[in-house]
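Feature annotation from Swiss-Prot assigns heme b b562 binding site to HIS83, HIS182. According to Swiss-Prot, the feature heme b b566 binding site maps to HIS97, HIS196. Summarising the annotation, Swiss-Prot assigns ubiquinone binding site to HIS201. Feature annotation from Swiss-Prot assigns transmembrane segment to 33-53, 77-98, 113-133, 178-198, 226-246, 288-308, 320-340, 347-367; the stated evidence is similarity to another entry.
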Amino acid sequence: MTNIRKTHPLLKIVNESLVDLPVPSSVSSWWNFGSLLAACLAVQILTGLFLAMHYTSDTATAFNSVTHICRDVNYGWILRYLHANGASMFFICLYIHIGRGMYYGSYMYSETWNIGIILLFAVMATAFMGYVLPWGQMSLWGATVITNLLSAIPYIGTDLVQWIWGGFSVDKATLTRFFAFHFLLPFIIAALVVVHLLFLHETGSSNPTGIPSDSDMVPFHPYHTIKDILGILAMLTLLSTLVLFSPDLLGDPDNYIPANPLNTPPHIKPEWYFLFAYAILRSIPNKLGGVLALVLSILVLAVIPLLHMSKQRTMMFRPISQCLFWLLVADLLTLTWIGGQPVEHPYIIIGQMASIMYFTIILVLMPATSMMENHLLKW
């Protein structure tokens, strides 16, 4: 008798994705982050669902409802901090996942890569709107500053901002719609994840060597299920350590002050995972130029497949490209640090230099180095 997992219409899909899926035998732990992201999304949707049961999206009561969740709801504090720090874990996994894609040439599967970029934008939008919901000082002013950037769009900018706000400033209407979208978007993200996997399973996974691995495959279960479970346990250990010992480590103290439109915080900044893009935005004195640079800092990922000049797919056997890749990582860490600093000397010039470096490495140095390495292969 044939196994039910191979014949049942629903179980067959699960079987082909999680049990009998052929995986290259050489994939390393850097391939774990896809499943970690799925785990993060599950944690965020579950904790968010329970938080939404107690939260009120009204400017008069939003801050107090979050306080009520932390003080009066059974295990409300752990739900709130799991959700807030879960977002940080989400972005750590996301950035490592993208970095692995760049290092090992996974971007050559262009459909999977492009869906991934759409997913990144969706996750960033969700996280931004979530940051507004507690209605602290940084929530209000962060929302005001970031949404105001759209006013740089010629002709329609001002009208667009007022349309998003639902009035002439960030107020009750803005908070209500942000809550609605913050609740909706994770389910859209989950649907996009399915599409992401659909495209991935059309081509099969890449591997560290960059060499076709059709002749050397292992089944996903039990080898990679065990490996993924280990990764998920490690991530949950890190997350629970953060939540139980230092829940406010990555947050901003200003968000414990109720939102006050009459009092501007001395230094407005987003959550740490947006600081690199915020630093790029601030490094350009012109408003429209800054907004374009901000969008391009993420959209530049879309041109990476077009700039692949190397005869080898991965960077595994390309030491000069490896140095450039880690230089890019160091540059992003520098931008993250600069984004959290006040706008004054020497931070301004460091931010401008790091922003130029970011685009130069991706758009100029990496393709040029690939061509040089191709030439060296002929020796």
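Backbone N, Cα and C atoms are what each Cβ position is placed from, and that goes for glycine too.
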Same-chain residue ranges lying at least 6 outside the transmembrane segment (288-308) that approach it to Cβ under 8 Å
98, 102, 105, 107-108, 110, 113-114, 117, 120-121, 124, 149-150, 152-154, 276-278, 280-282, 355, 358-359, 362-363, 366-367, 370
Just the number: how many Å between the Cα atoms of HIS196 (heme b b566 binding site) and HIS182 (heme b b562 binding site)?
21
Paired segments the transmembrane segment (178-198) and the transmembrane segment (113-133) in contact, 3+ CB pairs under 8 A
yes
Using a 10 angstroms cut-off on Cβ to Cβ distances, just flag whichever of HIS83, HIS97, HIS182, HIS196, HIS201 is the loneliest among these binding-site residues.
HIS201
Where else in the chain does the transmembrane segment (33-53) make close Cβ contacts, counting only residues six or more beyond its ends and a cut-off under 8 Å?
69, 76, 79-80, 82-83, 86-87, 89-90, 93-94, 96-97, 100, 179, 182-183, 186-187, 189-190, 193, 228, 231-232, 235-236, 239
Find the one among the binding-site residues HIS83, HIS182, HIS201 whose C-alpha lies closest to that of HIS97 (heme b b566 binding site).
HIS201
Could you state the whole-number distance in Å separating the C-alpha atoms of the residue listed as 'ubiquinone binding site' and HIS83 (heme b b562 binding site)?
30
